[in-house]
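Notes to accompany the following structure.
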Amino acid sequence: MSPARRATIEFLLDNLVWLMLIVVLAVFSATIPNYFQFGIFANIFEQSTFVGVMAIGLAIVIIAGNLDLSVESTAALSAMVTGMLFASSGVGMGISFSPAWLMPVVSLLIALAVGGIIGFLNGFFVIRVGMSAFIVTLASFIWVRGLVVAISGGRSAQNLAPSIRIIGMEDILGVPLLAWISVLCFAIFAFVMAKTTFGRYITLVGGNKDATFRAGINSDRILWSSFIVAGVLAGLAGWLLAIRTSGATANLGVGMLFNAFAAVVIGGVSLKGGIGKLPGVYAGVLLLYSIHTAINLMGLPAHFTQMILGGLVLAAVLLDTFKLRLREKLL
Amino acid sequence: MTDGEPLLKLERIKKHFGAIEALRGVDMTVSRGEVVALLGDNGAGKSTLVKIIAGTYPPSSGRLMFEGEERYFASPKEAKAAGIETVYQDLSLCTNADVVANFFMGREITKRYLGIPVLQEREMEKVVAEAMRNAGTKIPSLRVNVENLSGGQRQAIELNRFVHWGGKLVVLDEPFAALGVEQTRRGLEMIRRVAAGGIGVIVITHIMEQAFQVADRLVVIRQGAVAGDLKREETTPEKVIDLITGGTLSDAGTDGDGGNSDPAYQREKTRL
Ligand SMILES: Nc1ncnc2c1ncn2[C@@H]1O[C@H](COP(=O)(O)OP(=O)(O)O)[C@@H](O)[C@H]1O
Ligand SMILES: [Mg+2]
């Protein structure tokens, strides 16, 4: 087989999720009444924000050859901390200061720091102590959620300060600002992964950690950073969630982990590590919420979404295996 | 090139893994521009010695002198910074990345924009293309992932990598195991060329013919200790084989296999 032909096939395989997204959107638009509307697409965009931002971090950790199950609880903790500090009802303390524009900035920094700390701890146990990432982050998934319930007493914080909420109400070109924030995050991290040494090392460490160590790369530091990045992004997702819901509840974001995971796998990130691109992950998130929206519009019960998503994840993993085999044949 | 003191000097290097004593006091030297062939049966401790020189792990005891100074390499990064390049027996490539990414692993060409190091892919590709051309290595595309390349092509990438980056000492652990006849001949030539440039070379091989072709000196390791350190002109393949096997070849009924130079057979044994 000629290299050009092989390159074409590889390109198609690598970008299959975009093809799927286009086909799904076309089919839904043609068959579901009221699907093909700007408002619907803007809504899909906005819904994709929270899981999307979270999925970036998850994808980076998986590409580096690990796993982070804690992102959902981390986001919930960041949202709760934001809510408790800056919301005025429920468990909210209603802290407020001027100038008003400083409030979103300070609340964002706090949310990112909360996420970063959880990521740092995950990294510590995986890299320094040498425990399995699955166990460490599963434990975090549980204790961080426990912490959310503990600090809030199981109650919720409502009425987030208007100066922060404003971010959830603005839109640009008819698309909510929140959606643009996730697009921006994807653009930034897609660049980081494809064009900077940090992104290159994440991929190389995920492919062969020993080789990177021998090549003089500080592979432990790269791995640790990946956990911190995932934590910070989960913190951002939590902050956005708090803005969207004008506060936080103790069970905020439950189920997001599965969605993020599904998007990452459907987006072409291999659980083996070392393989995957962030634009594909974004397509995966959009695909997920296009299906969610279609099911809502058709008035089907929500559990249909779960069945379809479960099926999609299975299909995506099968596809990953199939791609490997096809590649071997292409040799 | 000859300033008396050797480039690398190992003194009573010992290494044990738990109860296993892989090295029990190795002394050896390498001078600038000298090619030393390191020989020994499987499990003799050659790869362990290589990894100690490369900074992969520390010796249990003993001294490592490099350029006349006692050195302690806490990581491959430090050994590299000192000028030691290593080609490991099990290759050190990331098969999920392309040829260019592997060639430049850890030493990418970058340009800083707003303080962010951005990879200069085109520049790197040019350098790799040049290095491959100089070595006569043919690879269909430098942008193909290494997993799609043959064992020989992979080994060629590693060899070209060390030739390109140079350094003061290169250590090659069975570098030709996956190479064909022509590529091996080129590889041996390459070693001589590198040494002629004043670089010290340690090369591990199982094939006596290769050792005699390329080396100035032959060091034989047996059961974790040096069994012989001989100038090439002053020895013969038969003598060396005797040293490798502990002279058992001349005794009847022992299982010495130092004379078996079939790399496939040797590799299979190594895996055990
Ligand atoms: N990481 C390790 N842990 C335990 N034992 C090891 C390790 N590396 C090497 N050994 C043992 O040390 C001895 C020397 O191995 P090695 O240096 O690979 O030999 P060679 O390269 O000469 O074939 C062998 O007995 C091997 O089993
Ligand atoms: Mg060996």
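Using N, Cα and C of the backbone, Cβ positions are placed for all residues, glycine too.
Taken from TrEMBL, the feature transmembrane segment applies to A:12-36 (among others).
The feature transmembrane segment is assigned by TrEMBL to A:48-67 (among others). Taking Cβ pairs closer than 8 Å, the transmembrane segment (A:48-67) reaches residues 75, 119, 126, 133-134, 137, 178-179, 181-182, 185-186, 189, 193, 202-203, 205-207, 209, 222-223, 226-227, 229-234, 236-237, 240-241, 244, 253, 256, 259-261, 263-264, 267, 269-276, 278, 281-282, 284-286, 288-289 in its own chain, all 6 or more past its ends.
Taken from TrEMBL, the feature transmembrane segment covers A:74-95 (among others).
Marked as transmembrane segment by TrEMBL: A:101-121 (among others).
When Cβ-Cβ distances below 8 Å are used as the criterion, the transmembrane segment (A:133-152) is approached by residues 61, 66-70, 72-74, 76-77, 80-81, 84, 91, 118, 121-122, 125-126, 248, 250, 252, 257 of the same chain, each at least six residues removed from its ends. Sequence annotations record features per position, and here TrEMBL assigns transmembrane segment to A:133-152 (among others).
The transmembrane segment annotation in TrEMBL covers A:172-194 (among others). Residues of the same chain lying 6 or more positions beyond the ends of the transmembrane segment (A:172-194) and with a Cβ under 8 Å from any Cβ of it are 38, 42, 45-46, 48-50, 52-53, 56, 60, 63, 202-203, 233, 236, 240, 243-244, 277-279, 281-282.
Distant neighbours of the transmembrane segment (A:222-242): 49-51, 53-54, 56-58, 60-61, 64-66, 68, 70-72, 74-80, 82-83, 87, 107-108, 111-120, 122-124, 126-127, 160, 168, 178, 181-182, 185, 198, 201-202, 205, 209, 212, 248, 252-253, 256; these residues of the same chain sit at least 6 beyond its ends, with a Cβ under 8 Å from one of its Cβ atoms. The feature transmembrane segment is assigned by TrEMBL to A:222-242 (among others).
Residues annotated as transmembrane segment in TrEMBL: A:248-269 (among others).
Sequence-distant contacts of the transmembrane segment (A:281-298), counting only residues of its own chain at least 6 positions beyond either end whose CB sits under 8 Å from a CB of the stretch, comprise 17-18, 20-21, 24-25, 28, 32-35, 40, 43-45, 47-48, 51-52, 55-56, 59, 183, 186, 190, 259, 262-269, 304-305, 308-309, 312. Per TrEMBL, the feature transmembrane segment maps to A:281-298 (among others).
Feature annotation from TrEMBL assigns transmembrane segment to A:304-322 (among others). Under 8 Å from some Cβ of the transmembrane segment (A:304-322) lie the Cβ atoms of residues 16, 258-259, 261-262, 265-266, 268, 270-271, 287-288, 291-292, 295, all in the same chain and six or more residues away from its ends.
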Taking A:12-36, A:74-95, A:101-121 as candidates, which has the most Cβ pairs under 8 Å with the transmembrane segment (A:248-269)?
A:74-95
How about long-range neighbours of the transmembrane segment (A:74-95): same chain, 6 or more residues beyond its ends, C-beta under 8 Å?
50, 54, 103, 107, 110-112, 114-115, 118-119, 140, 144-145, 147-148, 151-153, 155-161, 164, 231, 234-239, 241-242, 245-248, 250-254, 256
Long-range CB partners for the transmembrane segment (A:101-121) (under 8 A, at least six residues beyond its ends), listed in sequence order, are 57, 68, 70, 74-75, 77-79, 81-82, 85-86, 140, 144, 161, 163-164, 166-167, 224, 227-236, 238-239, 242
